[in-house]
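First comes the structure, then the notes that go with it.
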Amino acid sequence: MTVKKTSVIGFPRIGRKRELKFACEKFFKGEISGDELQRVGAEMRRYGWQRQQERGISLIPSNDFSFYDNVLDTAFLLGVVPERYRQLGLSELETYFAAAHGYQGEKGDVKALPMKKWFNTNYHYIEPELDDDTVLRLQGDKPVRDYAEAKALGIDTVPALIGAYTFLHLARYCGQKRAADFVEAAVEAYAQIGGQLAAAGASWISIAEPALVLDVTAEERALFKAIYASLVGRLHATGLKVLLQTYFGDIRDVYRDVVALGFDGIGLDFVEGQKSLELLQTGFPKDALLFAGVVNGKNIWRADYAQKNALIASIEQLVAPERVVISTSCSLLHVPYTVAAEERLSTDILDYFAFAEEKLTELVDLASGDTAALGRNKTLFAGVRTVPHADVRNALAQLSEADFERTPARLARRQVQKEVFRLPALPTTTIGSFPQTAEVRAARTAFRKGTISREQYIDFNRNKILECIKLQESIGLDVLVHGEFERNDMVEYFGSKMDGYVFTQNAWVQSYGTRCVKPPIVWGDVSRSAPMTVDWSVFAQSCTNKPVKGMLTGPVTILNWSFPREDISLKEQALQIALAIRDEVLDLESNGIRIIQIDEAALREKLPLRKSCWHSDYLDWAIPAFRLVHAKVKPETQIHTHMCYSEFGDIVRDIDAMDADVITFEASRSDLKLLDALKAVQFETEVGPGVYDIHSPRVPSVDEIVGVLHKIIAKIPKENVWVNPDCGLKTRGEQETTQSLKNLVEAAKRLRSEVF
Ligand code: GLN
Ligand code: ZN
């Protein structure tokens, strides 16, 4: 067996201890300078490069680092920065952050660019905006700086860029011009970057075009061809070798074109790309390298070498072994840094995990065919990891259609609920969490470390809940929440209360900007042994006469934000979780909680990228899993749900079919585009499209919110409208939160008097 080359698409960048996050936060507060922040960034890059070098990775990426998001980096690189951010007259770094999360200060008041879900991951990018005046041209030199920085450390990297096709595909067009109008300028800019990289000494450039794994229309295909028909030659003229890197699926719609365009390397995903092998059978360019994405960049399970070697063997039937490079299936950004940072889990468990750094070893093991490593891996996979939970398996087997059907029908329940709650028109509420101040986090940490007792912790949280309820009453909100002070994370909290989950200490993964999540790991069959939220909700309800929402996370979101098992289906895992949450819903109800919100923030997350698979592969079990959770409640119990982070326009019918009574959505960052879709399907669920963006500290004025509400009631029957922020408030400061909510309540009141 020949020793093959190895390649990595991208590496985590937030820091093993989230150093980048903390440094950014200090920078935002003015506690450290831009230079100091830059130094932390450099440290993060150095760490990643050196780790990959030590482990023996042949092709190590650079420019995969970002202070916020690589798409936003690309926009700045290409000069695609809306004038309203430039006009602020801030430093380059501050302008960048202004576009990322908004700016409100001495120099002006601008909202952030919209944030969108990055394909089928839990990472989010900033949507670039092009209008008819946008002059797309090379403005920055980040790829060259990063390349030179690595080189100064003695590491020759492969500069990685997001390609022009994907960039133009993801962008929003505000004027008449469309992607095709920017192709020429984009080719010019990428060719110039190539020239600079080649001059700096680079031999490869890696261009990522994940948008090719989506359904590609004839027009889009023409656009892709137009870009690369000229760009590949221009880059070759600089002396660079060009790798076209794809991931998150297969490129069935353009494979023919890709193999004909003269790329020196083609990166295909053999983990999520159902048809990648089939495509390879249709031919592969004789002199190109195949970057075979065989190590899963999205999940944390150790690779089964026997299985991977079989895959590599079938690839080598089609491409000569010496031209196969062993690669990750996507960037390792989507997994944590290293298993070595986990001190609490036993090695019996940790042995089954491979995070980013361990995946480097897997790449090298697979490329070298190391027999000792193969033997150890074989022994591991021959063992029994987890045994089925009989009760859970039985309960699942006994489910019938009635378990998924709530009665009476929604419109009949609505009448009952109107009588019970007697809420004003345009009822106001929040999404659940209130600011998680340093004090709140400190109490949780102290409890976890045992420095305060359970009683002290409960007391602390009860005080916070009481304070939060009083605050909401004084602000004048109609439906209250307890504030979620006991939760670090909406998924981890539930995972830690259910059996079947495993938790890490440091396995952070970037979600957006510097925000990270620590997804729990589904280890075995999931079940609930005791109530998880009832005490907090009951206490909160005892503090007020207004209804307080019980707050749960739905099964699909819990699963989508966990690292799932690979030995049973996602459907089975979702239904197991749904049964556990159903028990919690019924317990809340029997303890006097009359409104229960079951968040499905991440429902859209795992929607297959190709439309043709949406129902068969996903919605046909995801929607029923949600229905299972609430189908058994009384007619007068009001079920809310909440969704955020992405566009829902195309699945609003399915969302209506979840059969909730009320849904709150993130909407403000995407300019309320959702409303047209809701109108088009005559959306039946009552709906609260978020009236302001909670990802930014800026306070929306009353007039601004009234303006948004007018847009909402122009499209949705006003009787069905709720008034609420976009999402939970846990990342916000207390003052801005109070002021924003006061303005929200004031706006609702003003509108009530105007239109009712
Ligand atoms: N109830 C959660 C909160 O308010 C919802 C968070 C979310 O949708 N991401 O924090
Ligand atoms: Zn949300």
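A Cβ is built for glycine as well, from the same backbone N, Cα and C atoms used for every other residue.
Taken from TrEMBL, the feature domain 'Cobalamin-independent methionine synthase MetE N-terminal' applies to 6-318. The 5-methyltetrahydropteroyltri-L-glutamate binding site annotation in TrEMBL covers ARG18, GLU19, LEU20, LYS21, LYS117, ASN122, ARG515, CYS516, TRP561, GLU605. Annotation source TrEMBL lists domain 'Cobalamin-independent methionine synthase MetE C-terminal/archaeal' at 426-749. Annotated L-homocysteine binding site per TrEMBL: ILE431, GLY432, SER433, GLU484, ASP599, in sequence order. As annotated by TrEMBL, L-methionine binding site applies to ILE431, GLY432, SER433, GLU484, ASP599. The Zn(2+) binding site feature in TrEMBL is assigned to HIS642, CYS644, GLU666, CYS727. What TrEMBL lists as Zn(2+) 1 binding site is HIS642, CYS644, GLU666, CYS727. Annotation comment: TrEMBL describes HIS695 as active site, proton donor.
Checked against ligand 2, the recorded positions GLY432, CYS644, HIS695, CYS727 give CYS644, CYS727 as the ones with a Cβ under 6 Å from it, listed in sequence order.
When every Cα pair among ILE431, GLY432, SER433, GLU484, ASP599 is compared, the largest distance found for this L-methionine site is 13 Å. According to DSSP, LYS117 (5-methyltetrahydropteroyltri-L-glutamate binding site) is assigned to a strand segment. Cα spacing between GLY432 (L-homocysteine binding site) and CYS727 (Zn(2+) binding site): 8 Å, rounded to the nearest whole number. Of all the binding-site residues listed here (ARG18, TRP561, CYS644, CYS727), the one with the fewest other CB atoms within 10 A of its own CB is ARG18. It is ARG515, among the recorded positions LYS117, ARG515, HIS642, HIS695, whose Cβ has the fewest other Cβ atoms within 10 Å in the structure shown. Figure note: comparing Cβ neighbours within 10 Å for the binding-site residues SER433, GLU484, the maximum is reached by GLU484. Among the recorded positions GLY432, SER433, ASP599, GLU666, HIS695, CYS727, residues whose Cβ is positioned under 6 Å from ligand 1 are identified as GLY432, SER433, ASP599, CYS727.
If you take the C-beta of ASP599 (L-homocysteine binding site) and look for same-chain residues 6 or more apart in sequence within under 8 angstroms, you find ILE431, GLY432, MET490, MET551, LEU552, THR553, GLY554, THR557, THR641, HIS642, MET643.
Using a 10 Å radius centred on the Cβ of GLY432 (L-homocysteine binding site) and all shown protein chains, the other Cβ atoms total 24. Same-chain residues that are not part of ILE431, GLY432, SER433, GLU484, ASP599 yet have a Cβ within 8 Å of the Cβ center of the L-methionine site turn out to be THR430, VAL481, MET490, MET551, GLN597, HIS642, CYS727, GLY728, LYS730. Here the CA atom of CYS727 (Zn(2+) binding site) lies 8 Å from the CA atom of the residue listed as 'active site, proton donor'.
In this structure the C-alpha atoms belonging to TRP561 (5-methyltetrahydropteroyltri-L-glutamate binding site) and CYS727 (Zn(2+) binding site) are separated by 17 Å.
Nearest Cα neighbour of GLU484 (L-homocysteine binding site) among the listed binding-site residues (LEU20, ARG515, GLU666, CYS727): CYS727.
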